[in-house]
């Protein structure tokens, strides 16, 4: 028996499955090839939860996340199931560290709202932490699991 496919996707993890799903929605004939059983523990998508966030040091990723959030919300509506739980995200590092500045700059460039917090503000708002005064934080409320 011979079968023809428009697209063959290698890997049925999160990315491969999503690619196949959206290709199939576009009426493409899709074959997914996976070397392991479904829900194996050998891939980057193993487990039951993931984080979705805007806090990246590269604005290209922040831009991609805009699309990802929209797709997750559409999938959640289609599935009639809760797939996203808003948790917020707090990143902290040394005051004026390059990595913190890059994350802040990326979110600013893409008009993603966030708050810069001093150590005192972090410790008051999140009493489980005891952040030294040499550190600061970035809080972005839309991060979720």
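Heads up, the Cβ atoms here are built off N, Cα and C, so glycines get one too.
Note that TrEMBL annotation is computational and uncurated.
These features come from TrEMBL:
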DOMAIN    6-144  domain 'FAD dependent oxidoreductase'
TRANSMEM  6-24  transmembrane segment
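Confidence across the domain 'FAD dependent oxidoreductase' (6-144), taken as the mean pLDDT and rounded to a whole number, stands at 95. DSSP assignment over the domain 'FAD dependent oxidoreductase' (6-144) gives 52 helix, 27 strand, 60 coil.
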